[in-house]
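Colleague: I'd like to ask some things about the structure below.
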Amino acid sequence: MNFQNLFVFLCLFFTITKAQTTIPPGTSLSASNPNLTWSSPKNSFYIGFSQVGSSSSYTLSINYNGGVPIWTAGNSTTTVDSEGSFGFLSSGNLRLLNGSGAIVWDSNTAGLGVTTASLDEFGNLVLKNGTLSVWMTFDHPSDTIVPNQTLRVDQALISGSYSFRFLRSGNLTLKWNNSIEYWNQGNASLNANLSSPTLGIQPTGILSIFDAAFTSGPQVVAYSNDYGVDTRMRFLKLDKDGNFRMYSADLGSKTPIMVWSALTDQCEVFGYCGNMGICSYNESSSSPICDCPSENFEPVDVNDSRQGCKRKAEIDSCPGNATMLEIDNAKFLTYEPELRAQIFYMGISACRSNCLSQGSACIASTSLSDGTGQCYSKPLGFISGYRNPALPSTSYVKVCGPAQPSPPPGVLTVENSRSRGLRVWVVCVAVVITLLGLIAVESGLWWWCCRNSPKFDSLSAQYALLEYASGAPVQFSYRELQRSTKEFKEKLGAGGFGAVYKGVLANREVVAVKQLEGIEQVSAVTNRKKFSVWAYEEFEKGNVNSILDQRLIDQGVDIEQVTRAIQVSFWCIQEHPSQRPMMGKVVQMLEGISEIERPPAPKAITESSVSGTSIMSSDVSALSTFAASAPAPSSSSSHQTGGVSPLASGPTSWE
């Protein structure tokens, strides 16, 4: 693509982007085409469908560039099938539909005279009646708050069974099932009742309370770990695990970094491991794990330990045979409002026997060993447990006898330890023997092929075993391609830049080999180097004009734009696909929005000699199982092998 075509492409791109800034009535998005989105003016945010994991469900969300969701239609669990759609109706409603036509979510704005919709650079989707804003997503948060957005006392963030609220007193609270308050943080220096407080996050990473009563500015609640760096986008999110966190994300990043959390101990979140689940940690991981209290229980869902546990035998099925299972260093979480009705003062044995004697009125209890003598009694209902060697408490849970206790998490008996050590040795020995066997088999096959097929003799040893077995790109010398095409005997046709010949590789794969023509001029300019390597060297020396077409120089092109285009081109021709930028990133670099880092030097095929065959610097490379060829031996030849591809493989990608 020459520079003029590139300029036309960029102009077209900007035109499309600008057209998407204002969303006219009647426009819609489809879950079956998640690549179709509505973008903000500078593409910092976009609205679109995202697939939920590997399922067939989709969510409609506003996302920060890179795919980080900041608002979801409905809530975090609202999904549609692959035939779902989201539309801005002529009535002024925003509506999310399932494939069956059922309404999943609606903005209920039909009577507000809405004429246009737009997504601004703060991530706020706004509906307007003329120039008057009548509805916006910032006023209807789902589970996230971003800079320039505030949370009022009459609003809440919802994520599954968990909710976050900001109280008029200035306190921040987290609740499970809108009833159990398991976290409450306040500031004693604030007035008991503020006039119109709001909660927000500043771009530099400060969680703050805003109110007209504050004469000295916002009151700081928390700082992020990367506080002060304002080039990143911060946001507050109520996660599905019930914790309230602050994240930091770079433009285009899909993986934000957690920089603050409300609860430092995830096991303190009520209900994290489901009903009757016990949350704990092991020595090998800092992430919490969920287990059942004992062998008297089994998981509700063996594929998801967070779904909790259930008794193998219900208490009602064993009248007179119920007993209390003892769990050391454990507690059943007890918060307001259930705290006041469940607390007693008694010894550890009385705490156990008292619950056992109450029948169905008590199914579990916790006795604190911290000197307070407190005993918490748990009636029928949702029970959330926490086990940690540092906890000074003992818990009891009612089961049908006999009680079958489990070993403490992360603790192995001597027999288990020896058994595990033996298993590790057995696995290690088996792996080593298997690897040695595979090496012996491959070596035998290679020896047999070399002895029975002269074609394998000429293959470079550095590629033969690995690349033919794995399908990685294979390099051939000019002599090998001469042999495979029988001296370029069977011509299949001619295309751009040269003729195409039929060839057969050593593994009996039939391929097409293109022989380039008329490249003497390029070879003379690049001193027979691979063009990308030569261009990179010239660019490093600052010789931009030597790379550019003389016709573009005569037209007086903008050298700064040319320099950006050349730098981007070096990124786009990287050998490994993972190093190549996405199209959105390419456009941002060409626009000058995104900084262009120094690209790695293009890879040149180095000279090596195996079995008398030389592999020299190549001018062309191919992908998949295609081959990169070496120059013809004669410097005066007007032909050069361009590359090979399987005859039935379809299109080939070329540099």
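The backbone N, Cα and C atoms fix where each Cβ goes, and this holds for glycine too.
Heads up, TrEMBL stuff is auto-annotated, nobody curated it.
Note that this is a predicted model, so its numbers are computed, not measured.
What TrEMBL records for this protein is below:
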- 1-19: signal peptide (SIGNAL)
- 263-303: domain 'EGF-like' (DOMAIN)
- C273-C290: disulfide bond (DISULFID)
- 627-638: compositional bias 'Low complexity' (COMPBIAS)
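Show me how these features fit into the shown structure, please.
Modeller: Mean per-residue pLDDT, taken over the domain 'EGF-like' (263-303), amounts to 92.
A simple way to gauge crowding: the CB of C290 (disulfide bond) has 20 other CB atoms within 10 angstroms, across all the protein chains here.
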Colleague: Return the residues near C273 (disulfide bond) by Cβ distance under 8 Å, restricted to its own chain and a separation of at least 6 in sequence.
Modeller: C279, P288, C290, D291, S305, R306, G308, S384, G385
